[in-house]
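Visitor: According to Swiss-Prot, the protein has these features:
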- 248-260: region 'Lid loop' (REGION)
- Asp481, Asp483, Asp485: Mg(2+) 1 binding site (BINDING)
- Asp481, Asp483: Mg(2+) 2 binding site (BINDING)
- Lys695: ubiquitin cross-link (CROSSLNK)
- Lys1246: ubiquitin cross-link (CROSSLNK)
- Lys1350: ubiquitin cross-link (CROSSLNK)
- Thr1471: phosphothreonine (MOD_RES)
- 1570-1576: repeat '4' (REPEAT)
- 1584-1590: repeat '6' (REPEAT)
- 1591-1597: repeat '7' (REPEAT)
- 1612-1618: repeat '10' (REPEAT)
- 1619-1625: repeat '11' (REPEAT)
- 1647-1653: repeat '15' (REPEAT)
- 1654-1660: repeat '16' (REPEAT)
- 1661-1667: repeat '17' (REPEAT)
- 1668-1674: repeat '18' (REPEAT)
- 1696-1702: repeat '22' (REPEAT)
- 1703-1709: repeat '23' (REPEAT)
- 1710-1716: repeat '24' (REPEAT)
- 1720-1733: compositional bias 'Basic and acidic residues' (COMPBIAS)
Amino acid sequence: MVGQQYSSAPLRTVKEVQFGLFSPEEVRAISVAKIRFPETMDETQTRAKIGGLNDPRLGSIDRNLKCQTCQEGMNECPGHFGHIDLAKPVFHVGFIAKIKKVCECVCMHCGKLLLDEHNELMRQALAIKDSKKRFAAIWTLCKTKMVCETDVPSEDDPTQLVSRGGCGNTQPTIRKDGLKLVGSWKKDRATGDADEPELRVLSTEEILNIFKHISVKDFTSLGFNEVFSRPEWMILTCLPVPPPPVRPSISFNESQRGEDDLTFKLADILKANISLETLEHNGAPHHAIEEAESLLQFHVATYMDNDIAGQPQALQKSGRPVKSIRARLKGKEGRIRGNLMGKRVDFSARTVISGDPNLELDQVGVPKSIAKTLTYPEVVTPYNIDRLTQLVRNGPNEHPGAKYVIRDSGDRIDLRYSKRAGDIQLQYGWKVERHIMDNDPVLFNRQPSLHKMSMMAHRVKVIPYSTFRLNLSVTSPYNADFDGDEMNLHVPQSEETRAELSQLCAVPLQIVSPQSNKPCMGIVQDTLCGIRKLTLRDTFIELDQVLNMLYWVPDWDGVIPTPAIIKPKPLWSGKQILSVAIPNGIHLQRFDEGTTLLSPKDNGMLIIDGQIIFGVVEKKTVGSSNGGLIHVVTREKGPQVCAKLFGNIQKVVNFWLLHNGFSTGIGDTIADGPTMREITETIAEAKKKVLDVTKEAQANLLTAKHGMTLRESFEDNVVRFLNEARDKAGRLAEVNLKDLNNVKQMVMAGSKGSFINIAQMSACVGQQSVEGKRIAFGFVDRTLPHFSKDDYSPESKGFVENSYLRGLTPQEFFFHAMGGREGLIDTAVKTAETGYIQRRLVKALEDIMVHYDNTTRNSLGNVIQFIYGEDGMDAAHIEKQSLDTIGGSDAAFEKRYRVDLLNTDHTLDPSLLESGSEILGDLKLQVLLDEEYKQLVKDRKFLREVFVDGEANWPLPVNIRRIIQNAQQTFHIDHTKPSDLTIKDIVLGVKDLQENLLVLRGKNEIIQNAQRDAVTLFCCLLRSRLATRRVLQEYRLTKQAFDWVLSNIEAQFLRSVVHPGEMVGVLAAQSIGEPATQMTLNTFHFAGVASKKVTSGVPRLKEILNVAKNMKTPSLTVYLEPGHAADQEQAKLIRSAIEHTTLKSVTIASEIYYDPDPRSTVIPEDEEIIQLHFSLLDEEAEQSFDQQSPWLLRLELDRAAMNDKDLTMGQVGERIKQTFKNDLFVIWSEDNDEKLIIRCRVVRPKSLDAETEAEEDHMLKKIENTMLENITLRGVENIERVVMMKYDRKVPSPTGEYVKEPEWVLETDGVNLSEVMTVPGIDPTRIYTNSFIDIMEVLGIEAGRAALYKEVYNVIASDGSYVNYRHMALLVDVMTTQGGLTSVTRHGFNRSNTGALMRCSFEETVEILFEAGASAELDDCRGVSENVILGQMAPIGTGAFDVMIDEESLVKYMPEQKITEIEDGQDGGVTPYSNESGLVNADLDVKDELMFSPLVDSGSNDAMAGGFTAYGGADYGEATSPFGAYGEAPTSPGFGVSSPGFSPTSPTYSPTSPAYSPTSPSYSPTSPSYSPTSPSYSPTSPSYSPTSPSYSPTSPSYSPTSPSYSPTSPSYSPTSPSYSPTSPSYSPTSPSYSPTSPSYSPTSPSYSPTSPSYSPTSPAYSPTSPSYSPTSPSYSPTSPSYSPTSPSYSPTSPNYSPTSPSYSPTSPGYSPGSPAYSPKQDEQKHNENENSR
């Protein structure tokens, strides 16, 4: 550390962490001082004592003293270790258990393993690779081995013995007793007293000695390591002493110091050690030494771990337990989680938030005081030096200013104190720490950060006052409100971080959330309320207000729409004005129930080309809904436009609402008189019903529903009546409130409130419930002392019949408070529960990432999914779409899809096609069409197998319907004209498209299968939407439109593929954890509905994640075999066959009598039974009379239960007989007797003595018990109760459409899957249980995975949330990927073999680190946690790849360029269309068209329309053209703002500009200087213009007037295949489409991203081009000296040297026009002449 110089070079990163144990030698080698004294200070109490605990060699913690070892001050010296030599070895407390296990594995005399390869099981154990598992296996085998064998039987011949080198001694059984190990030896029988084993404490020396004798081979088998962790190192002989900086003392004044707990503990250890040494030295008695030794052991143990079970805690003088080393590391506040995984950070701010509707969606208002405090270090460059100088002049107190200047030497100048701040001359490369300013990207966050939308990047807007301001719509993802919430802001400190924030985290990019593939932001609050009022049919606005409103639209084009009403005065409808804020080209339609095209209620929604046609805009349209306006705009126009849309809508609507007004008050809750009367009647009626039911129940006339007790049935009825009354009253109130009612307006707009709020405010608050039941009796038999006992009336049990408006009575208020209190407690409990669940999920999935081979893997590289989500799509790019082929009848299907050119029924109407009449009867075409139709039928069959119930709404990429709509709009499809498409175009186009939809690229089988699976569903959708008949008949697309649709689908599909580096694990964990937080803890939705009770909500989620063996409510769902599903009788039969019925469940009473005479009875009721029975006696029974016992067991059965279970007395009696065979004599009454009685007597064997007879009644009691508990009368074990439920199942009818069929389903309590599956009459293929553990055990891991998924899905769906499939699938894949069920707990995923650092950051921190040390683990630091701990960039996201640098090429091609040259180059390369472009020499009088030839108007030549559109080239970029979108433009692939090389000035440099078709013979990349990046492309060369390689104004052969170069010359004719850039039909807006060049039709095979001639990185590369040779060393499109054909211009040629004077772009010898420079010129002229012919 001495004199270290400042360096800006980055430090090396940690590649791996090796764990191990310290050996005593190593401790001594590290140590700088031997510590001998427990004192810290010397006698003077001023200096640290030499050899004491604060020895000056250990490091200084006094800022006045230097460290004696490294001579550094307190700030620089990290501290140095010392050591204590212990008088006796002691156990390391963390390893006592392991030491015990090792002792049990090796011989306690010779140190040899007790078993070796001679033992078969041991051989298997030794073969285990994982050292921890191997150790566990060996220990299991060895711990029972009680002798160290000298020889063992040989394998070949068991009679012969083979020596194994053991010592033959017996082994002790070892017990852990506190901190000691106690051995007990069983003595040999030979030596006598076998009863008394020898007991003694195993001393540490003894164990240390044995461990030293274990051979390397043996301890390696036990999982230790020769170099890093030998077993003897688990026993401490030399203790390292941490340096004082780790245990600093605090000084109160000169003399008094307070020492740290560790120092205190170390002093104890030293004292104990010294006293032990003294005792040994003085030869003290054995027990004294033993005592001193155990004291030392205690101190060393509590120094490391002060929470040892069964050990007293070491206390401070104050009585507070000492904080041990272990306590410093573990837990949330500990070192790992508290200081390494998460730390407090600089450059952050926190304050209260408030709303501001005038900010843009992605802005954040930052108070000026914060903006002046937070800084960003900006590097001084030529471009910003003036600005930064001004900031430095402004200084730290004026915004915008700067706080520090950092020189390139690393020195900081603090501008607060700098005298000469004004005249600091900034130098390039210095840094200025400037204040944050407008539009800086910052990270904004609100805790708890439950999902990735809780941290987003905003743009700064510096504003006055002291709170953060944010747009209202961005509050929902943060879950923020303005009632005092605070939020945090973090300022990025490097350009890379800024780039990541603005390109990855920016708010607009998060609008559509991957959690449920829908937007997570929408219009909220007053804007939402106002937007509904604004778009009502009767909202009209006058001219003055319209003008004001239009001014509020930020990008209004200045055109006032035509008013909707002209006379008597012009009026504009609200819909019109709102439409101005919606971008053009947006289509949206939604039909609510009962919407026609002109719905009287104005419900539904239709937006065409950004104009609202009908429908009131409310939450369904502009809320965060799937397929709403926000979603569509993001998908169609890109995130930036969508973010703008939020602002536009808010500004317009808020302005209107401000002037229109909206307020709500108590009057809005009042319903009119007649309604109130009706409400009162409704409630009275319900109370009367309840009274009737109560009377019925008291008179015992109520029948219990199946599976419920009588009381449950009664409660169920009461609650049902009361809830119905409340809902009915609420509906009355709601219907009565007018549409003008303000509360109702808020509910209808969706901005606040719901139906239930109206009902409770105006009508009736309703039944209060606690734990899902009515209020229970808390006092004796009553709820409150104000009621009489046993009062079950609604008032007494918590029914509140008043509304909030009328006010509650005291009793009602009390019950209401009870219900409310429960809600609060529930919320508090839930927050803790779900927080822990979320943490476990995140830690279990944190390292799962999509890799560059599209697999989803964890940090070990284990494959979790071969392709993410099984389709490789990014969840944010997916939308719910319906697969059309699945529904409808067969006839309708055929009508919609079948085309038969040979048959008049299914032929196409000839008027649809221009070639309509020619194709009828065309057999070749018919073959294509039949193939298409067969495939569609196959799809239909396949989809019906997958989506059994015919519901085929599934989230898929690329909204095809919208692309078709856009095409119809863009190409002005006329539904009356025939199309110029041919059937072949359609069928083959769709076929080619399917082949181009590549998610995975590769030839091997696994990849091919995964690729096929990934696109299967999407291809089904594609084929159904683009079937020939639909394209021609429904959509009426033209050839141009159809091609556009295809290329668009492909581009959007490829854009939807998930990006490698995406951390999908955390995404999945958050997507499941976040809805869990919104879940109610215990869901009582099914309060007493007659069905099985199912755990749901958070408790069920906990069960699933813990893989709980005993669930609260295990249950089976049993379906009947096909054919009998609707048969109720059959269902009853099966119910009784599987419901488990014990004798106990049908018995009312059981009694024991002394009834000595078997032939008669003392019980009068039973005489009939006996007489009846004895009239039918057989011989055997006669004989048994004498042996029958006088004690009688008499059972009375329950007739109702017997009937319910469908049992007869005979069956029960025979079952008892069967169980006890001849030991019991049983008789029973008839089935129709008054009472059902069974009488049993024990039959005694003849040889019974009197003594036994006396105990017979006891024996009978035991028999009675056995009978009632164990006798199963019928059914399957564990199936406690079976409920029959009737469900409707959707099945395809014979005609093909889906119809509902009722079926009976049995729901059970209890599970016994394997048994129930064998019961005849059920459908074993459909049986299901919610216990996925059983499913896995019976049906295997794949079935288990499916069941686990279904359970997770049900928990989340039960709450009404929706989470995309891939997140839950990833979770269940992780849980099942090991082949068993891995729970999301410390016993599950945290036992896997991921890195120790990663595991210790979850739970059991210290134990995991001990284990890692003992087994010498190596952590390769590929996980997230490891890199967070080490403070490194983790290999995820933008850090997931490496960059390879070709160093040779670097040296070769580094041009020496001045800064100005770079500037000019940039200017030209990226600035299209500008005369001032740096690449033009102003002296040249060249026409614009010639300069940038491709810019000729595309629409001019209609017959040859080159653009996709009829718009001229000048329209490029306007909103009307389909190419005007942002980076997400759904147009040609790669064309958009973000496309790197597209610039009209560099046609050869654009992957999307095919007009330079390399296949055209006259084009050859011979122009040495045609590349914007080439240095020779410089304005300093006057003789060069990009249109011709050999252009020189002085050359007579090239002048616009010369006949050989005239746009009309045949060589440039637009129809010629040479397709020159000057040809009028080439337009930059038609990047991939040119009707005349056969080689460039997007559907032609040569235009395919995979075809070799198309590669975006090498625009001029084409194997067919004659002048291209792959062997040319200098060919590289980016190389500054790129020209494959010129031999004299090859960087490898000997005379090439950038520094040589002959190579200078300005030298006259270097002129592209000079003949000497173009060796290929003649050849080229020759080519041109050839072409012109």
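A Cβ is built for glycine as well, from the same backbone N, Cα and C atoms used for every other residue.
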Visitor: Please list the DSSP helix, strand and coil residue counts for the region 'Lid loop' (248-260).
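Guide: Secondary-structure composition of the region 'Lid loop' (248-260): 0 helix, 4 strand, 9 coil.
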Visitor: Just to be sure I understand the packing, how many Cβ atoms besides its own are within 10 Å of the Cβ of Lys695 (ubiquitin cross-link)?
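Guide: Step by step: centre on the Cβ of Lys695 (ubiquitin cross-link), count other Cβ atoms within 10 Å, giving 11.
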Visitor: How big is the gap, in Å, between the Cα of Asp483 (Mg(2+) 1 binding site) and that of Lys1350 (ubiquitin cross-link), rounded to a whole number?
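Guide: Asp483 (Mg(2+) 1 binding site) to Lys1350 (ubiquitin cross-link), Cα-Cα distance: 39 Å.
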Visitor: With a 10 Å radius around each C-beta, find which of these binding-site residues (Asp481, Asp485) has the fewest other C-beta atoms nearby.
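Guide: Asp481, out of the binding-site residues Asp481, Asp485, has the fewest neighbouring Cβ atoms within 10 Å.
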Visitor: In angstrom units, rounded to an integer, how far apart are the Cα atoms of Asp481 (Mg(2+) 1 binding site) and Lys695 (ubiquitin cross-link)?
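Guide: Cα-Cα, rounded: 51 Å.
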Visitor: Would you count the other C-beta atoms found within 10 angstroms of the C-beta of Lys1350 (ubiquitin cross-link) for me?
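Guide: A 10 Å sphere around the Cβ of Lys1350 (ubiquitin cross-link) contains 16 other Cβ atoms.
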Visitor: Measuring Cα to Cα, how many angstrom lie between Asp485 (Mg(2+) 1 binding site) and Lys1350 (ubiquitin cross-link)?
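Guide: If we compare the Cα positions of Asp485 (Mg(2+) 1 binding site) and Lys1350 (ubiquitin cross-link), the gap is 37 Å.
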Visitor: Run through the Cβ atoms and count how many others sit within 10 Å of the one on Asp483 (Mg(2+) 1 binding site).
Guide: 6
Visitor: Taking the recorded Mg(2+) 1 site as Asp481, Asp483, Asp485, identify the other residues of that chain whose CB atom sits within 8 Å of the mean position of the site's CB atoms, giving them in sequence order.
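Guide: The surrounding set, listed in chain order, is Ile353, Ala480, Phe482, Gly484.
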Visitor: Taking the Cα atoms as reference points, how far is Lys695 (ubiquitin cross-link) from Lys1350 (ubiquitin cross-link) in Å?
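Guide: So the Cα of Lys1350 (ubiquitin cross-link) lies 44 Å away from that of Lys695 (ubiquitin cross-link).
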Visitor: How does the model score the repeat '15' (1647-1653) in terms of mean pLDDT?
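Guide: Looking only at the repeat '15' (1647-1653), pLDDT averages out to 40.
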Visitor: Let me know the DSSP-derived helix, strand or coil state of Lys1350 (ubiquitin cross-link), please.
Guide: helix
Visitor: Please report the DSSP secondary structure of Lys695 (ubiquitin cross-link), reduced to three states.
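Guide: Lys695 (ubiquitin cross-link) sits in a helix per DSSP.
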